[in-house]
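**Q** Found this in TrEMBL, in case it helps:
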- 33-478: domain 'Major facilitator superfamily (MFS) profile' (DOMAIN)
- 101-121: transmembrane segment (TRANSMEM)
- 127-147: transmembrane segment (TRANSMEM)
- 159-179: transmembrane segment (TRANSMEM)
- 185-204: transmembrane segment (TRANSMEM)
- 324-342: transmembrane segment (TRANSMEM)
- 354-374: transmembrane segment (TRANSMEM)
- 386-407: transmembrane segment (TRANSMEM)
- 452-474: transmembrane segment (TRANSMEM)
Amino acid sequence: MTIVRLTPTKEKLVPRISHAVSSKARSRTQIYALVPIYLLQFCYGMNTGFPAILTPQLREPCSEFMITENQESWIVSLDNVATPLICLCSGILQQRYGPKYILVSACVPYLLGWIMVVMATNVECLYISRVLVGISHALITTTVYTVEITSREMRGTLSLWESVVRCAGCLLIYCMGFFLRWNRIALIAPVIPLMALISCFYIPESPVYLVRQRRFSRASQSLKQLFGSKYNVTEEIELINSNLDHESGQHNVFEVLKSVPNHPEIYKPFGIVLLLSAIQQFSGMSILRAYVVKIFDSVFHETSMPEFNHENVQCDQSQTSKEAYISAIVIGLVRLLSSLLLSNFLKVYPRRSLYLTSITLSVISLVSLASVQLCLQKNSDCQPLQWLVLVFACGLVFSVQLGVQTLPMLLSGELFSSDIRALGKSMIRSLTCVFLVISLKTYPALQGTLDIYGTFFLFSIVLAGSAPLIYWLLPETKDLSLETIQHYFQPAKTQFYVDLHHTTNKSTPVPPSYNYEMSNAGL
């Protein structure tokens, strides 16, 4: 008997976009194809930053209508309530109709959401707006379009630019909130989703989706549009088709869901990304983004900037601190700059190193921020301490953006195989939204029980405790093709071959992508 031990090799398999050229011209064509996604991500950032402006203005006695603290927490979190179901539907729709269809669909709820804000005369209109926004959030955050049209050299950078654009949208909202009322902002904002809708009609469909649907002619056109007329589209289509046939032979999505324990290439990446998404909620970034004006209004409540006329946010009885808006703008700017740095760091540093550095710096920043907040409780009129809170908050934002906040989304597009990528990413996003709702709804209770400093101390403990687990579980994906990443999760196999002719001088055929060790035993 000839026993053959098969173990996965470390050599790189043929990448899906195998001949992607790194020339500037072909990089530009990929960037042009991502314009609708970047515009939609800009809308995402505007809508996530908008409640931080909206709720403090509506809590003022001079506001258009009043809201309670409970209503405030619903406005902040309601965009994530309906999202889990939409995320799951998005994965199925992408498999059936294609990622481009999802992008077109995401534009409409954003438009309608801003229109509802313009017409809002009560809190119920705002609730409807936030639910509509949540639908678009779900559709845009589960799209696999970026990862399926970009070369592996560009994949990490172009994916992270989505985070950069979201930060820019959030920063713009903070700046507009300093000068404008919430309903004036809503009159201007619909321009962005309208531009995204128009640009969707000028981009190619995902070649992976088209090959899966056997639309080889359109797949050829899509690849030429993305990589140029001289690109070897025939070979690329054959590679995509071969990869999809191989995966379809291994995975039937609904059958696999019934037997997940037998598929480590599914449950392992799912567990890793889910863990990262849960840890993400303890970074404090979601709370800081949603309540930034409210938090810093309480920090600077004793401070005022003399001879500054800000009629939009003040009345005779009450006003929102001007320093609170300045703090929001500064934090938004730091978030944008850190995202820009991360897009460059991804080209140089491994994913694991970035994440572990991010979580270490985040723990240090959370402890520092909580300590200063505790000191401020005892010296509420100490102006240097007030600005020191802003400094450490900026440090926290910078640290979190280096990995804890941004890498889970990138890895959700990299770790799943192409046949279940849309569904896997959708399920991850659904559960992340559940975590978000819990985080945002429980923050007022945590603040009331532990105060702000106690809440941040709690977050630092959770992050510090999770760091060793992440070090042990997180794989490295930098500069690896998507196929090679999948190979990482597949277990080693042992196969037995019986040599009926007792020919020990001939090697048993072994698949070329495996190394083998042979040992002979007499019968």
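Cβ atoms here come from the backbone N, Cα and C positions, even for glycine.
Annotations in TrEMBL come from automatic prediction, not curation.
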**Q** Short question: most Cβ pairs under 8 Å with the transmembrane segment (324-342), which of 101-121, 185-204, 354-374, 386-407, 452-474?
**A** 386-407
**Q** Would you mind listing the long-range same-chain contacts of the transmembrane segment (452-474), meaning Cβ under 8 Å and 6+ residues beyond its ends?
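**A** For the transmembrane segment (452-474), the list is 271-272, 275-276, 279, 282-284, 287, 295, 298, 351-352, 355-356, 359-360, 362-363, 366-367, 369-371, 373-374, 377, 404, 443, 446.
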**Q** Could you name the stretch, out of 101-121, 159-179, 185-204, 354-374, with the greatest number of CB pairs under 8 A to the transmembrane segment (386-407)?
**A** 354-374
**Q** Within the same chain, where does the transmembrane segment (354-374) have neighbours whose Cβ lies under 8 angstroms from its own Cβ atoms, ignoring anything closer than 6 residues to its ends? I mean 6 or more beyond.
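**A** Cβ under 8 Å, 6 or more out: 276, 279, 283-284, 342, 345-346, 385, 388-389, 392-393, 395-396, 398-404, 407, 451-457, 459-460, 463-464, 466-467, 470-471, 474.
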